[in-house]
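Asks: What Swiss-Prot records for this protein is below:
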- 21, 22, 23, 30, 31, 159, 160, 161, 198, 207, 208, 209, 210, 211: ATP binding site (BINDING)
- 22-31: motif ''HIGH' region' (MOTIF)
- 147: L-tryptophan binding site (BINDING)
- 207-211: motif ''KMSKS' region' (MOTIF)
């Protein structure tokens, strides 16, 4: 039996891992429908590891108190959305020192040119300017690789913007295994079934993002329902008044249909058929109602979790304990393979 077999055998489910940054006061609708909604389903069939990557968050300036508060809030939101600590391992990245330690090893295995070709770094550094871009942003992909490889997941759900980073992760895993001996699982990336790409309400050809140019294009899950309803009803559509699903020619209308479909479970085709002879006002009202029906109980659950900080921290401590046991063991194998002298007790 190899070292990898200790974590995964034919009798145990495959492991899946993903994370979401604590860089805003609320996760947005795109975060949920494009990722977290699928995490909730995956925890029923996989050995699921989900984490809050606060180390990644500090690649840009953060207010310390805000970061701490957002980390707690992020955990509460994930639990309120349906991440079950009995079926998933939920933890905070910085609670596991092995993430930063393995990141350094992987950084030393990464060529400068290889790292320089990462599209996300090039785009962000061009936008921010060299003087305002941290070296942490440059090494972000190697930290992401460490996040993944520490837990030997077979599957990693990723969006299109992270595919290049996952390919680097796979390359580094193979490079290490070939050079020093097999330690790492080489993970497969996948887009989970049912994942919905949600677009900006004011610019429906751009992905919904907290960094969007117009805040009215964003739906935050914890926003007052009246605010969210107003944003849905002011969403950009078009002038022909026909409700049809056509991403190329009717991106705004198509986006609203996808949102409503994902929230209600009705197929887009069935929704379109039901709007025959109706205008955009009906589509927007129904989508706003579906959103409110989803976020109202969510906010209540979130408030309940936030009212018991000690219980939240207990859940994260249990997750960190389990994650730490695995990560520490894998890091020890890495250190042994590369020739580090192991510490000994006196």
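Including glycine, each Cβ sits where the backbone N, Cα and C put it.
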Asks: Reduce the DSSP letter at residue 31 (ATP binding site) to three states and note it down.
Replies: helix
Asks: Summarise the model's confidence over the motif ''HIGH' region' (22-31) as a mean pLDDT value.
Replies: 94
Asks: In sequence order, which residues at least six apart in the same chain have a CB under 8 Å from the CB of residue 160 (ATP binding site)?
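Replies: Spatial neighbours, sequence-distant, of residue 160 (ATP binding site): none.
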Asks: Can you give me the Cα-Cα distance between residue 31 (ATP binding site) and residue 147 (L-tryptophan binding site) in Å, rounded to a whole number?
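Replies: Checking the Cα atoms of residue 31 (ATP binding site) and residue 147 (L-tryptophan binding site) gives a distance of 19 Å.
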Asks: Using all protein chains in view, find how many other C-beta atoms are within 10 Å of the C-beta of residue 210 (ATP binding site).
Replies: 16
Asks: Is residue 147 (L-tryptophan binding site) helix, strand or coil when read with DSSP?
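Replies: The three-state answer is helix.
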Asks: Across the motif ''KMSKS' region' (207-211), what are the DSSP residue counts per state (helix, strand, coil)?
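Replies: Going by DSSP assignments, the motif ''KMSKS' region' (207-211) contains 0 helix, 1 strand, 4 coil.
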Asks: I need the CA-to-CA distance for residue 210 (ATP binding site) versus residue 147 (L-tryptophan binding site), whole Å please.
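Replies: With the alpha carbons as reference points, the distance is 23 Å.
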Asks: At the level of the C-alpha atoms, what whole-angstrom distance separates residue 147 (L-tryptophan binding site) and residue 21 (ATP binding site)?
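Replies: Per the Cα atoms, residue 147 (L-tryptophan binding site) and residue 21 (ATP binding site) stand 13 Å apart.
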Asks: Hey, does DSSP put residue 160 (ATP binding site) in a helix, a strand, or just coil?
Replies: helix
